[in-house]
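Novice: Sharing a structure, written as structure tokens. Questions coming.
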Number of protein chains: 2
Amino acid sequence: MIEYRNLRVALLGGGSVGAQVARLLLEQKDELASRVGAGLELIGIAVRDVDAERTVDLPRELFTTDAESLILGADVVIELIGGIEPARSYILLAINSGADVVTANKALLAAHGPELFEAADKVGAQLNYEAAVAGAIPIVRPLRDSLAGDQVNRILGIVNGTTNFILDRMDTEGSSLEEALAVATELGYAEADPTADIGGYDAAQKAALLASLAFHTTVPLESVYREGITKVTAQQIESARKAGFVIKLLAICERLVHPETGVEGVSARVYPAFVHRSHPLASVHGANNAVFVEAEAAGSLMFYGAGAGGVQTASAVLGDLVSLARRHVVGGPGFAASNHADLPVFEIGSVTTRYAITLEVTDEPGVLATIASVFSDHGVSLAQVEQSMTPASTGTASHEAVPSTATLVIGTHEATEAALAATVASLAANSVVTNVASVLRVEGA
Amino acid sequence: MIEYRNLRVALLGGGSVGAQVARLLLEQKDELASRVGAGLELIGIAVRDVDAERTVDLPRELFTTDAESLILGADVVIELIGGIEPARSYILLAINSGADVVTANKALLAAHGPELFEAADKVGAQLNYEAAVAGAIPIVRPLRDSLAGDQVNRILGIVNGTTNFILDRMDTEGSSLEEALAVATELGYAEADPTADIGGYDAAQKAALLASLAFHTTVPLESVYREGITKVTAQQIESARKAGFVIKLLAICERLVHPETGVEGVSARVYPAFVHRSHPLASVHGANNAVFVEAEAAGSLMFYGAGAGGVQTASAVLGDLVSLARRHVVGGPGFAASNHADLPVFEIGSVTTRYAITLEVTDEPGVLATIASVFSDHGVSLAQVEQSMTPASTGTASHEAVPSTATLVIGTHEATEAALAATVASLAANSVVTNVASVLRVEGA
């Protein structure tokens, strides 16, 4: 049997994921060597401060602040710094100096993926990124390889654990968003600045990566429509529950035909949506993630697991590392980004979906007919309407008669975002509507 | 850009999966060529009777009864005949004549996998088998590649759609096994001879393949313990429901330490088991399949989808074909069976699990103490006991006093199969026990 020399592995970043990757590389040295057919030698960990406290006890001599020298001496570079710079420059340096790269950096890939994949392709380097897409859930290889002979039509993903924890808690405990966020922060599920999570930015980056993979088309981050969960109220969750739904922040990647031009294209978008309780995604609780894939031949598939966490994400990083190292040993190139399909990426206005709209209206004869005609004027047809009385405001100290109001919860059939936006604008301007309380999409039918 | 010649693809078998594979190969010719970087030319379909009716309309000139000539002219052979012979000989012929192979044949792989993988390895041929393990669910690449840097500790799989349909129907409709089987047969979920499914043979083959993949250890079919669902009663399902459980036929692959020798090894087994309703596997309904994986670093993962069906299985076959064809184009060998870990495979007697035991006992003072001491004599400790009165048999026409009986449902803590078997034997021989009504394992805690 041929003996291969050890592969020199450089780690950039010593945070929660980096420390776990280092620990597993050291602890499972022999097992990993037998899987790869060559040793994986951790030659160093580049950090900003070698004396910073780590979550795992690691040999001090591994740490260095000189990332560039470390990269230049490595066969494989694992980038776990996050953010755009210096991560981007380090990865390019690694690729151009002949190393292969593993990264978990979704922000960087969503913003600069094409540049990095092109650089890797040019020199035949491998660039693996399983941990960037859905944490520990294996989704890159299933989409890229297992479904390589199929056509993905739609992906509905719960790809952000923080927001799923918050929405799940609001649903199960009846908490407000603020209360649920406070618990998430206390339990370590939310960061001090939760904007990236609750604003939907993290999910949008993952949507761009998932759509690019699924549709063999470069989907830039700028073309991903994004709404976070900041406007989701306890009342919306309650009314979703009454109607048999749960509200989830979804990353949606869809193959569709443009409603006006008839051109085939794709859409990627992130927003909180109604999901029926019978849908498999409705049972994804806590900080877990899941990616629901609808494929032409395979039908519906779901991939479920932990979306984040240091040791869980380290599993995906090591899987990438072992796959890539095996290629070193057995030869043959890795697999570059697949973008041969190159479909147009549509804006949100061209997307068709269903809506759940909650209106507060004056309670007088003819209101329902007025509302219904606003919808039909914009070509949006109604699937169901539920009306409930709202107690008149108790804030009025006067004894004058206050007009009583009613709450209408309206479910529509499929309509374009454009038609819906026009409908909502008309509703808001109509004198019988006192408040457009909530507009949410319905997905996963 | 280099132009590659077309790859010649031979199909063996024109049944429901084969016909769908042929259709997709013909319909998606251009799309597949752009994914592979070379054309995939279907050169023929070997069948027993060229005039047999097909589920899909395909060009008659593709059909042949001369499988061997077809194989000898092919770059890739797709084997969808099923069974052991002639499938085994055809695959060996293909490998030895320089072709790569895709197969969906779980029976063959479970029985002769090592021989076939060795033959492929010897000549550097690829042998892909995603469709053999869990139908359309991508599980081979996640286990082999994505989790390559992790350690799988346990797999709980619902890997047989027919039995899941039957058990789900018994649970939701209160049907008997016979009634549910009749519906499954009527809907096409069960075959005319349902033995392979309800006897657990199909699930046992898949358990052998899953365990081999997960543990890098050859797990022969003979070492898979197997019980089917034939003895599952409506009453068991009902008592599981009352306790908050559902009964599922599980394929279980587990890494464990031998209770006596302390040696690390693995176990593969198939039996109907109690699964708590809060477990993700409990929500797998109808004929769907799911594979729940517990890994050291990644934590809990679940892969869900259609376990069978012609077009769904065809998706997995085409994914294998495209992956393999890409290797033809970009070079480099495929990936052989991984069995470097070579762990011992333990018999069922060494396995530790929890049990739910239903006993009918005479209703007299001291019975519970007697029963409890039988358990403790065998080192099996009790987690919970529920007692309910059973009406005395109405079959006795006599006016003599009949001793009334009670039903005990006993949940145990973890115990070995050996200890449990001894306990059950002692219980059956004890005069206070009139009937050991049910012994089922509890999994997925």
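Placed from the backbone N, Cα and C atoms, the Cβ positions cover glycine too.
Unlike curated entries, TrEMBL annotations are predicted automatically.
Sharing the feature lines straight out of TrEMBL:
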BINDING   A:Leu12, A:Gly13, A:Gly14, A:Gly15, A:Ser16, A:Val17, A:Gly18, A:Ala19  NADP(+) binding site
BINDING   A:Lys106  NADPH binding site
BINDING   A:Glu191  L-homoserine binding site
ACT_SITE  A:Lys206  active site, proton donor
DOMAIN    A:356-441  domain 'ACT'
Novice: Could you break down the residues of the domain 'ACT' (A:356-441) into DSSP helix, strand and coil, giving a count for each?
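Specialist: Counting residues by DSSP class gives 24 helix, 35 strand, 27 coil.
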Novice: Report the same-chain neighbours of A:Gly15 (NADP(+) binding site): residues 6+ apart in sequence with Cβ closer than 8 Å to its Cβ, ordered by sequence.
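Specialist: In sequence order, A:Leu80, A:Gly82, A:Gly310 meet the Cβ cut-off.
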Novice: Determine which residues of the same chain, besides A:Leu12, A:Gly13, A:Gly14, A:Gly15, A:Ser16, A:Val17, A:Gly18, A:Ala19, have their CB within 8 A of the center of the CB atoms at the recorded NADP(+) site, and list them by sequence.
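Specialist: Residues close to the NADP(+) site, other than A:Leu12, A:Gly13, A:Gly14, A:Gly15, A:Ser16, A:Val17, A:Gly18, A:Ala19: A:Leu11, A:Gln20, A:Val21, A:Ala22, A:Ile45, A:Val47, A:Leu80, A:Ile81, A:Gly310.
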Novice: Using the residue listed as 'NADPH binding site' as the reference point, find which of the recorded positions A:Ser16, A:Ala19, A:Glu191, A:Lys206 has the shortest Cα-to-Cα distance to it.
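Specialist: Given the candidates A:Ser16, A:Ala19, A:Glu191, A:Lys206, the nearest one is A:Lys206.
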Novice: Here the binding-site residues are A:Leu12, A:Val17, A:Ala19; which one has the lowest number of other Cβ atoms no more than 10 Å from its Cβ?
Specialist: A:Ala19
Novice: Cα distance, A:Ser16 (NADP(+) binding site) to the residue listed as 'active site, proton donor', nearest Å?
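Specialist: Between the Cα atoms of the residue listed as 'active site, proton donor' and A:Ser16 (NADP(+) binding site), the distance comes to 20 Å.
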Novice: Measuring Cα to Cα, how many Å separate A:Ser16 (NADP(+) binding site) from the residue listed as 'L-homoserine binding site'?
Specialist: 13
Novice: Please list, in sequence order, the residues in the chain of A:Glu191 (L-homoserine binding site) that are at least six apart in sequence and whose C-beta is under 8 Å away from its C-beta.
Specialist: A:Thr162, A:Thr185, A:Asp197
Novice: Roughly where does the domain 'ACT' (A:356-441) sit in mean pLDDT, to the nearest integer?
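Specialist: Result for the domain 'ACT' (A:356-441): average pLDDT 82.
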